[in-house]
Structure formats: structure tokens, C-alpha cells
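Asker: This is the structure I have questions about; it appears just below.
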Ligand SMILES: CC(C)(COP(=O)(O)OP(=O)(O)OC[C@H]1O[C@@H](n2cnc3c(N)ncnc32)[C@H](O)[C@@H]1OP(=O)(O)O)[C@@H](O)C(=O)NCCC(=O)NCCS
């Protein structure tokens with residue numbers, strides 16, 4: 001018999017689980033006030049616990065939707081709060097909790113799950129693959145000169161936190177949910193997000209961009225005057241037009257008493273350096289993994305997205321944890337069907353997640369041994385089918 005058992009947590013057990021999660025990250029238990037805020041980010045009936053006999057492990061999720069290539073939305077579980085008590089690690093507790101989560105997701109019709117990983121070695125074995133990356137970018141404000149063709153932008157209004165918080169959901173829905181890989185932000189997300197922003201700074205502000213047609217961009221920023229050089233940090237930045245991108249940049253460059261502008265979690269390929277007369281004004285500091293994606297229901301996920309125009313390919317998918325996904329899928333411009341014919345290539349479900357949003361190209365995945373059996377022509381066809389016009393990006397940290 002196993003030395004622990006897994007079951008859903010009752011609402012009254014959430015705080016103990018939250019403290020356990022903090023302890024697993026070497027953070028002391030939270031105060032009553034911190035818990036009051038954190039409780040807002042806990043969705044009911046979405047936490048599991050491992051008991052042996054006291055609580056020794058926990059994992060939770062909240063319900064959202066994922067924007068997939070072509071514009072459809074699919075049910076998404078955003079997985080977070082994973083921790084195992086010191087002394088109980090490496091005994092399979094996490095594996096058992098993930099199995100319980102995946103069984104629950106399958107039962108509830110969740111098509112995909114996503115998480116952010118503290119360490120890269122953990123989640124591939126459970127079928128999660130890195131589907132999007134993000135970048136941190138640093139701009140030297142004193143050297144920054146905008147090129148003459150950069151649009152003038154519209155009006156920018158600055159809101160303090162109290163005024164901004166009630167407007168964030170609408171601002172994000174209008175300007176942030178645009179690229180493949182984006183996720184909806186339900187009320188439980190916003191509950192947690194406010195405390196996350198408060199932890200970053202006592203005085204975070206929100207700059208909203210208005211064009212004649214309406215609001216088309218916003219960013220969240222704060223200035224750290226204790227740092228040398230003085231940094232303005234931008235943890236969130238969304239826009240839907242070149243005018244808003246330029247207008248918000250003009251605003252950022254106008255903020256006084258700032259030496260550097262530090263942007264977090266930007267999409268790959270965002271042309272920040274191209275705004276400036278000297279492109280070296282903007283430096284990519286780090287590129288890091290963003291979305292770890294798990295296709296829970298492969299047939300539904302493949303059917304939900306659109307494909308480019310190329311001869312169909314037959315993929316043979318292997319899924320050790322959810323064998324219902326195992327099988328061959330014929331993918332073409334017209335859609336997807338299960339098939340019994342010989343496969344053109346084989347891949348595991350974590351690699352399929354890496355292809356799915358369009359960031360990874362098939363050729364490097366084959367070079368790394370993650371796709372097998374395909375010749376160059378097949379890889380080129382697969383690239384055309386799965387490629388997307390814009391780099392996928394989530395832009396939501398949770
Ligand atoms: C990460 C954590 C949840 C893993 O829990 P666990 O119960 O020890 O995991 P399991 O025993 O089920 O391990 C499953 C497999 O993952 C491997 N693994 C687990 N954590 C790992 C890590 N940090 N680095 C590398 N491999 C890891 C195990 O070796 C094991 O591999 P095996 O099946 O080949 O033997 C736990 O170590 C923890 O709480 N860490 C600190 C908090 C944290 O990082 N949380 C994750 C937030 S995203």
C-alpha cells in the first residue's frame with residue numbers, strides 16, 4: 001500500500017496547502033492579511049493534496065481558456081501552487097498528484113493545461129513541453145532616440161493602483177488576448193495578480209493608451225529609485241496597434257528620474273530595438289521559457305486550431321500518461337482525422353505541445369531527436385501546416 005494518498009482539498013484546507021507551497025519555496029508562512037489576499041486566487045475544488053497522514057504535498061489549478069492558432073478558444077487548466085514537504089520529496093508524491101490532476105482534467109473536458117516551471121527537468125515526463133518563450137529587455141533611456149517614422153501615438157492616462165485594479169480585466173480583454181498562446185484571465189487570476197503587483201512595488205501605476213477609436217493599449221509600471229542606475233520596471237505591456245506601441249513607448253521615455261527601462265516577459269520578435277535610431281539602445285537580457293503546455297485531449301486540441309496550406313502529414317503521437325491520445329493523426333489544411341495509415345513522423349505528446357502553438361519549427365525538433373522518421377520534405381510540410389503568422393506568446397504570469 002502507498003505511504004500517502006491523494007484527494008481533493010476542502011476549502012478549509014487551502015491555507016495549510018498555501019503555507020506548504022510557500023515552505024517548499026523556502027518562504028515563511030503568510031500572515032492573515034496575506035492569506036486574505038491569496039485566498040482570492042484559489043478556485044474552489046481545483047486543489048489536490050497528498051496526505052501521509054498530514055498534508056505532505058499540494059497542487060492546484062484554475063480554469064481559463066487558451067487562444068489557439070486560427071482564433072478558437074479551448075478550455076485550459078492553469079496549474080500552479082505545486083509543492084512537496086521537505087523530507088517527502090523524491091518518493092513519487094508529485095507524480096501521483098499530476099496523475100490525479102490529469103484524470104480530473106480529462107473528466108471535466110479540459111483540452112490543455114499550462115504551467116510555469118521553476119526547474120526545467122521536472123515536467124517533460126508528464127507531457128508538458130515548452131510552447132512559448134519570453135524575453136526580458138533593457139532600454140538605456142539616456143541613449144534612446146526614436147526614429148522619425150515612429151508614429152506619434154495617442155493620449156496616455158496614468159492610473160494609481162486603486163483606480164486601475166477594477167479596470168484591468170476590461171483592459172486586458174480588449175488589448176491582451178490577441179496572439180496564439182494567450183489565455184483568458186478569470187476573476188481568480190485577478191485576485192492573485194493584485195497581490196503579485198503589490199509585492200513588486202508599493203506604488204505601481206497603469207498607463208492607458210487612447211486612440212481616436214478607443215483604448216488600444218496599456219502597461220503596468222513602477223520605478224525603483226533605490227536601484228543604481230534607477231530602473232523603471234514594466235511587468236505588463238499590451239497593445240493592439242502600432243500607434244499604441246509607439247505611444248506607450250513615448251510615454252515610458254518621458255518618465256522623469258529614470259536611467260533604464262526594464263521590460264519583463266516580452267514576446268519573441270517584438271521590434272523594440274527597431275524603434276530607436278541606435279538599435280543597441282535596447283538589449284535582450286534573457287530569453288526564458290514561458291508557457292509549458294500539456295495537450296490533455298489531443299484530438300480536441302488538434303481539431304481546434306487551423307493549419308497552413310500544404311500536403312497533409314500523418315503524425316504518430318505517443319502519450320505514456322494518457323494513452324487515449326496515442327495514435328495517428330492525419331493533419332491537412334482542411335483539418336484533422338484519426339487514421340490507420342503509415343505515419344510520416346513520430347513524436348511524444350510534449351513535443352507535439354511544442355509544435356502546437358507554432359513557435360518551434362519541426363526541423364530543430366528533429367535535429368534534437370524529438371521528431372523521428374521524417375525526411376526534409378515532410379519537415380517542411382509540417383512547418384507550413386503548423387506555422388503561425390505571429391510568434392505565439394502568453395503574456396500572463398501566474
Ligand atoms: C518539484 C517537487 C514538487 C517534486 O516533487 P517530488 O514529489 O519530489 O517529485 P517525484 O518524487 O514525483 O519525482 C518525479 C520525478 O521528477 C524528478 N524530479 C523531481 N523534482 C526534480 C527537480 N527539482 N529536478 C530534477 N528532477 C526532479 C524525480 O527525480 C523523479 O524522477 P524519476 O521518476 O526519474 O525518479 C518538489 O521537489 C518541490 O516541492 N520542490 C520545491 C518547490 C517547487 O519547485 N515547486 C514547483 C513549482 S513549479
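Cβ from N, Cα, C; glycine included.
Predicted automatically and left uncurated, TrEMBL annotations should be read as such.
Got these off TrEMBL a minute ago, pasting:
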ACT_SITE  123  active site, proton donor
ACT_SITE  398  active site, proton acceptor
BINDING   82, 83, 84, 90, 91, 92, 93, 94, 95, 118, 119  acetyl-CoA binding site
DOMAIN    181-285  domain 'Eis-like acetyltransferase'
DOMAIN    298-394  domain 'Enhanced intracellular survival protein'
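Locate each feature and note its surroundings.
Answerer: Within 10 Å of the C-beta atom of residue 123 (active site, proton donor) sit 22 other C-beta atoms, taking all shown protein chains into account.
Sequence-distant neighbours of residue 398 (active site, proton acceptor) (same chain, 6+ residues apart, CB-CB distance under 8 A): 62, 78, 80, 116, 189, 192, 193.
In the three-state DSSP scheme, residue 119 (acetyl-CoA binding site) is classed as coil. Long-range Cβ contacts of residue 119 (acetyl-CoA binding site) within its own chain (separation 6+, distance under 8 Å) are none.
Note on the domain 'Eis-like acetyltransferase' (181-285): DSSP counts are 34 helix, 41 strand, 30 coil.
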Asker: Run through the Cβ atoms and count how many others sit within 10 Å of the one on residue 93 (acetyl-CoA binding site).
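Answerer: Cβ-Cβ neighbours of residue 93 (acetyl-CoA binding site) within 10 Å number 23.
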Asker: In Å, how long is the longest CA to CA span across 82, 83, 84, 90, 91, 92, 93, 94, 95, 118, 119, which the record gives as the acetyl-CoA binders?
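Answerer: Those residues reach a largest Cα separation of 19 Å.
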Asker: Measuring Cβ to any atom of ligand 1 with a strict under-6 Å cutoff, which of the recorded positions 82, 93, 123, 398 qualify?
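Answerer: What lies within reach of ligand 1, judged by Cβ under 6 Å, is 82, 93.
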Asker: If I restrict to non-local contacts, at least six residues apart, and a C-beta distance under 8 angstroms, what lies near residue 95 (acetyl-CoA binding site) in its own chain?
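Answerer: The list for residue 95 (acetyl-CoA binding site) reads 125, 126, given in order along the sequence.
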Asker: Need the DSSP three-state call for residue 91 (acetyl-CoA binding site) to compare against my parser.
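Answerer: Looking at the DSSP assignment, residue 91 (acetyl-CoA binding site) belongs to neither helix nor strand, so coil.
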